[in-house]
Every structure is written in structure tokens, then in C-alpha cells.
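From Swiss-Prot, here are the annotated features:
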- R197, G198, G199, K200, T317, S536: CoA binding site (BINDING)
- G397, E398, P399, D421, T422, W423, W424, Q425, T426, D512, R528, R539: ATP binding site (BINDING)
- V550, V555: Mg(2+) binding site (BINDING)
- K625: N6-acetyllysine (MOD_RES)
Amino acid sequence: MSAIESVLQERRVFQPSAEVAAQATVSGMDAYKALVAEAERDYEGFWGRLARETLSWNKPFTKVLDESNAPFYKWYDDGELNASYNSIDRHVEAGNGERVAIIFEADDGTITNVTYNDLLQRVSRFANALKQRGIKKGDRVVIYMPMSVEGIVAMQACARIGATHSVVFGGFSSKSLNERLVDVGAVALVTSDEQMRGGKALPLKNIADEALAMGGCEAVKSVIVYQRTGGKIGWDDKRDLWMHEITASESDHCPPEWVGAEHPLFILYTSGSTGKPKGVQHSTGGYLLWAAQTMKWTFDWKPTDVFWCTADIGWVTGHSYITYGPLTLGGTQVVFEGVPTYPNAGRFWDMIQKHKVTVFYTAPTAIRSLIKAAEADPKVHPKSYDLSTLRIIGTVGEPINPEAWVWYYENVGGSRCPIVDTWWQTETGGHMITPLPGATPLVPGSCTLPLPGIMAAVVDETGQDVPNGQGGILVVKRPWPSMIRTIWGDPERYKKSYFPEELGGTLYLAGDGSVRDKETGYFTIMGRIDDVLNVSGHRLGTMEIESALVANPLVAEAAVVGRPDDTTGEAVCAFVVLKRARPEGEEAAKIAADLRNWVGKEIGPIAKPKDIRFGDNLPKTRSGKIMRRLLRSLAKGEEITQDVSTLENPAILDQLGESR
């Protein structure tokens, strides 16, 4: 692999304000460097101290890190705790039961405040209801829910009894849900009749019924349904149960099930480059520690904060920075059911103003779409709202381009709020490389420096460090507590995917390209080095999309690549060969529309290709390998400069280039 060229030449620097630095948990670069030095000096002592200070343990651990079966690392292995106890009970016991845990705003603007006392009651009742249905420690429960208090309650209730939850994003199709139900071996499914998004009721229970009817998930004995809209749904009296009915008669008291620190808290599926989604397994102790610790460091969390992460609980960001991180610290947070553009594109800014949000965390995709809306209509421009309560703003899901960064800084942050541009992954459990708001000088487009204890580096294809200024492969050199433990049911795939022998078998392979600044050492993320696309912060495997396209009766062959997109960061571009003659004009447009809808049904709307181009064939080597790098160039509209001498059919490039 030749060195990755860095094209970002960003020299603007934004210093933390004295006001922010003065009250920060990590105040100034000297404090940051002291923590980094502590971790380097005594790695296990550093991580042991954080775990003792941050979490409540029923049985204290005596050993911090077990590397005897690397890369299957164990942290705090002989310790026992419960994630739900840490998230709820301990705050009630400390006299903070009447503190608001969740300010929930529904799609239609209805607001519900949930205190820690309320949350304890609701989680305990639902946990007891799960136990009544025979669900026990170690069982897997799939949660297919809208953004709701009930979704958070379901996750916390599983944690309370030691069941392992697997949340599936409510935008996924019945086929995607079925794959996950089968792979994880679920014994129960928690869902909703419908979900509300942008004023529209969208089905969930009926999609869940389709998924269950596909077979392979006969172990699912209970389907528990939250009544959100009262819409018409199918019903199976032998299997289906209303959430409100089964919890009504349950006790408010449910003792937490103490579990070992390595007990699987959850399994969350993420797209892989080989087609089948990967069930990323996370622990209880190490994961919970980092979700809470990064709240303290990255967001400089204070008890007086009103925190708002706009992610969905179906993604890891919603796990770490809605369900677990804020609650573990006893914080108050906003949870939002709807979308940023309904009833208008000022919804986020209105909510920040109304709820007096102090820390705001969203995706670059949302920012880019709201920039367009604000430029078109001054009424929904952030400067038309009072955002003065904000003190820290953040981004997650994908790198943010410098232009959007500066707009966000000036118009949402009022040129005074630090931006924490966070790099991390489903597999890392929490933030890895990010500025600290009271310490790190900010550079637009750079996630800056690793958090203390995170040994990130940029290496070449043999695992050797590359010099600053030269692009390479992003890796992490030492294990950390919140890291992925395995791929559910496939430990060999875990080793090959994340600790490849080509890099020596000991480096965690992030799968992203990166470059470090020659002077500051700051990291800039340069995108995926494999065939996983990042669309609006959602990781989508190209193989999954290709498989969905080829499953259509019209399609003989398909290849999917990404291309840059101003709104979604990356757009899906599909090159398709039909089983009949290559269509043109209106016929091509109609078939393309049908294929988009097909992919939406097979996988979910987020996977729909933005571009579909038809060809008589695909560019292939003589051995039959599709030349994806050439397709990437075509998708971007670039001139083909690569060597095409190995191509069996070079003329196809002209045809695919013209078929836009």
C-alpha cells in the first residue's frame, strides 16, 4: 500500500477560552499531559484508579487487566457490578431521586420529565415483567424501538436482570431485523406498535412480525409491544404482550443481578465488509467506565448540565451517550423522538432554547442539512434563537469538514463554545481521539489528540509507525477497558477483522486512514480503508447493499462504492448489470427508482443508492475481480488515471462514465 496523501491544509487554531478552562475537569494542556504521563507510567494503575473512582462495585476487582489470551482481553474480571444500579439506584440512594433524569420531547412537541425515582420504578417493573416471562441472566433480548423513554427503560431493565440486549435501529427492514434475531439467538423482542417521525406514523410491529415470519428465530417466545400511537397492528395472542399491561401489576422493587465485569452488557450489530453484519459484544464494567469517564472528560460534565445527544438508541452513540453515560453520572439529559426538520428546520435550536441545553452533541450530516435550511430561511437560522446556555458543542459519526465546523462554531456556539470533534467507533465503546474543551487548542476538521490512556498511532501496512505528515492506517497499540470483546459467535472473525496478522496481531485495526500533523501531532481522519460506507454517520457494508441489489430478479450483477456528498458525507453509488439489455432514458430512470425502493425494503432507507448506473458489464480483471478503485473514480467524476492494463474490458469505463 502506498502512503496515503493528506490534502487537508488547515492552519486555523481556536484556543479554549479562559472561562471554559478555569472550570474544566481537565484544565489546560499541562493537566492533559499529566494524565497521559500517568497512563504511560502505570497503565494498569491508571485504569484501576478510574474504575474505582467512577463506578460502584458490589464486589471490588483485584486484577485490572488480563492479557493472557490476547486479543481476548479481560478487564476487572473478578469484580462484580450492575449497570442499571450504577445508572439509577445509586443516585436515588444518594438522595437525588427527584432529580430529572430525562426531559423527553415527543415528535409533536409534548414534553415529559422523568426523575430518577420514576426511572427506577419503571425499570424495576419492566425487569420484573421480563423475569415473569422466564428471561434470565445471559439471555439475549432484541429491542426494536423508536426513540423513547420506553426504549431506554427496556435496555436498563435487561441490564438489571443480567440479560444481554441487542438494539436494532428502527429504520432497518424486516430482513435486517430477522438476520439479527437469528444471529443473536434472541428469546424475546421488545418493539412498538409504530413510531412517529416528522409527523408521520411509521410501522414497527408489523415489520417485526414480518421478520419473525421469515423463520430461524423460533426461540423468540415473547414479543412485548409499547403502545405509542394506537395504530392498527397484527396480533398473536400466544406471543404478543402489551408493555403497559404486563408492567401494571409488577412490583416497583427488583434487586439488581450482580454480574461479573466481563458479562456481556449488549451486542450491537455493525456492518462488515464481507456482507454479514458483525455482532459487536461489549462488557459491563469496562464499557460502563468509559461511557461515564468520557462524559466527564470530553463533555466536561457537571451536575448542573442539561446534556443533549441527538443520536438514536439504535446506534452505539445512543448507548454510550444516552442510555448509559449520562445516567451513570446522575445527569439530566434531553431525549428527542423526532427529526431536526419537523415542523421546521429550527427544531434543534428551539429545543436548545426551551430546555436550556448546555452541552449539545450531534452529527455533521445534521449540521450540513441545517446550514442549507438556515441559508434559505432566516427564521430557522440558529442566530434567531437564544442559544446562550450552550457551553460545549460536539460532533459524532463522521469527520466534519472545516467549513461546516466553522459555521457550527460561529452560529451555534456563538464563537465561544469549544467543539469536541469526537473520533470513535461501535467497537471502541466510547470516545478515543477528541479535543478536551478546557485544554485542547482546536483545529477545524481535526479530532486532535487521543484521550489519556488511549495509545493511538498511524502505521504502514506492516504495522510500522509512519512519520507525522504522512498518511497511513489508524491503530491502537494497547487494549483499553471499553473495547469490543469479540464478534458474537465468531471469535476468528474478530481476530482477523481487528487484530490482523499482517500488522503483527497485536495492534487494533480501526479501519480508518489517518494522518498526524507534522507540528502538533494532531490526528485527522481520512475515511475508511475498507469497503464500508459512512452515510450520515451510519456504517453500511457495500457487500450487504450489493447482495440486496443482486437479490432483485432483474439484476445480474452489482458493485457498490461511495462518493463524497455534501449532505450525507458519503453517498451510495451502485453500478448495475441487468439480466436483460442495458436500459436507457425513462426506462433506466424507472428501473433505478424501483431498485432504490428494493434496497430500502431489503436493508432500510439509509442504504438506498443515490446514484444507480447501468452497464453491459462491470470493469473486471481477467481473473474476474471487480476493479472497485476504478468505480470509485467514476462515481466521483474523476478522470481515470490508474493503470487499466489488467482490465478485461476497458471500453466499459466509458459506458459507465456516460450513464449518469
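Yeah, the Cβs are placed from backbone N, Cα and C, and that goes for glycine too.
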What residue among the binding-site residues G198, G199, G397 has the most other CB atoms lying within 10 A of its CB?
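Within the set of binding-site residues, the most crowded position is G397.
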Which state, by DSSP, holds R197 (CoA binding site): helix, strand or coil?
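Strand, per DSSP.
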Could you tell me the C-alpha distance between R528 (ATP binding site) and R197 (CoA binding site) in angstrom, no decimals?
30
My understanding is the cutoff is Cβ-Cβ under 8 Å with a sequence separation of 6 or more in the same chain; which residues meet that for S536 (CoA binding site)?
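Set apart from S536 (CoA binding site) by at least 6 residues yet with Cβ under 8 Å, we have A363, T365, G397, E398, T567, T568, G569, I606.
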Please give me the CB contact count at 10 A for W424 (ATP binding site), counting all chains in the structure.
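Other Cβ atoms found within 10 Å: 25.
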Judged by the number of other CB atoms within 10 angstroms, which among R197, K200, R528 is the least packed of the binding-site residues?
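Among the binding-site residues R197, K200, R528, the sparsest Cβ neighbourhood within 10 Å belongs to K200.
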Should T317 (CoA binding site) be counted as helix, strand, or coil on the basis of DSSP?
helix
Roughly how wide, in whole Å, is the group R197, G198, G199, K200, T317, S536 that binds CoA, by largest Cα to Cα distance?
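Overall maximum Cα spacing for these binding residues reaches 25 Å.
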Tell me whether V555 (Mg(2+) binding site) sits in a helix, a strand or coil according to DSSP.
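Once the DSSP labels are grouped into three classes, V555 (Mg(2+) binding site) ends up as strand.
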With Cβ-Cβ distance below 8 Å and at least 6 positions apart along the chain, what are the contacts of T317 (CoA binding site)? List them in sequence order.
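Counting only residues 6 or more apart in sequence, the Cβ neighbours of T317 (CoA binding site) under 8 Å are C309, A311, Y361, V396, G397.
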Counting other Cβ atoms within 10 Å of each residue's Cβ, which of the binding-site residues V550, V555 comes out lowest?
V550
Quick check on the binding-site residues T422, T426: which one has the highest count of other Cβ atoms within 10 Å of its Cβ?
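Going through T422, T426 one by one, the largest Cβ count within 10 Å is at T422.
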At a 10 Å cut-off from the C-beta of P399 (ATP binding site), count the other C-beta atoms across all protein chains.
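Total other Cβ atoms inside 10 Å, all chains included: 21.
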At the level of the C-alpha atoms, what whole-angstrom distance separates W424 (ATP binding site) and V550 (Mg(2+) binding site)?
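Computed Cα spacing between W424 (ATP binding site) and V550 (Mg(2+) binding site) is 32 Å.
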